[in-house]
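Annotation comment: TrEMBL describes 58 as NADPH binding site. The NADP(+) binding site annotation in TrEMBL covers 71, 72, 73, 74. The domain 'Pyrroline-5-carboxylate reductase catalytic N-terminal' annotation in TrEMBL covers 6-100. The domain 'Pyrroline-5-carboxylate reductase dimerisation' annotation in TrEMBL covers 163-265.
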């Protein structure tokens with residue numbers, strides 16, 4: 001069933017490229033079965049280099065594909081939906097990547113009965129280490145959910161969630177990569193202050209984050225348990241953690257996730 005999959009992308013930006021690269025690297029879809037449309041030539045060269053087909057016509061993507069990712073900017077999406085609507089049929093699975101555009105809106109602007117899903121990726125999808133969540137529209141079923149999970153597992157973690165979790169995911173993971181970069185920068189600057197060269201400090205900070213994250217995923221342990229394992233009585237770590245607690249690190253990060261989630265909710269209302 002996946003063998004006859006023809007994948008289309010409406011929009012050729014960085015996130016779309018990341019998802020396509022994941023599919024290609026994992027051998028899930030051949031490049032010749034991917035067609036992408038964008039209004040200008042700007043982003044299409046990258047796709048051609050990978051062997052994908054390109055066009056300037058959104059309707060052509062619908063005519064040639066049965067799984068279609070809508071990867072345009074959110075404010076352009078309603079216009080695109082009205083344009084492609086005549087070409088959408090019951091054989092299509094339509095997956096929107098647009099932040100803040102609800103399943104209700106997508107279903108209203110597409111023909112009745114269209115299988116619609118809403119996917120929220122994050123930037124590390126471009127290196128196949130993304131965290132993605134998706135929600136099913138009223139006409140999509142477990143079959144579509146299974147297909148999407150199977151395909152996107154090559155791009156990182158991919159979980160099905162109720163739609164209200166999508167804005168929380170934006171605050172936790174979509175924006176969250178930036179919080180982690182800020183933390184990584186501070187870690188490295190601390191080492192520079194103590195006399196280590198910047199390049200080396202940055203590499204070690206990045207590997208430290210990668211290793212810590214991998215342990216969380218692979219052991220399934222609560223982070224508090226893993227943190228406790230690093231702390232020895234009277235040791236270096238507990239002295240350092242005391243300073244982080246004084247700076248209210250945990251409360252500040254929780255506030256950040258809350259602020260970004262609330263902003264995502266507000267943007268969805270606009």
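Cβ atoms here come from the backbone N, Cα and C positions, even for glycine.
Given the structure is predicted, the values throughout are model-derived calculations rather than measurements.
Sequence features annotated in TrEMBL and their locations in the structure.
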residue : record               : contacts (Cβ under 8 Å, 6+ apart)
58      : NADPH binding site   : 10, 37, 80, 83, 84
71      : NADP(+) binding site : 9, 10, 11, 12, 13, 15, 16, 19, 97, 98
72      : NADP(+) binding site : 10, 11, 80, 98
73      : NADP(+) binding site : 11, 98
74      : NADP(+) binding site : 98, 99, 100, 101, 267
When secondary structure is assigned with DSSP, how many helix, strand and coil residues does the domain 'Pyrroline-5-carboxylate reductase dimerisation' (163-265) contain? 86 helix, 0 strand, 17 coil
Enumerate the residues of the same chain, 71, 72, 73, 74 excluded, that satisfy the criterion Cβ within 8 A of the mean position of the Cβ atoms of the recorded NADP(+) site; list them in sequence order. 11, 13, 70, 75, 76, 77, 80, 97, 98
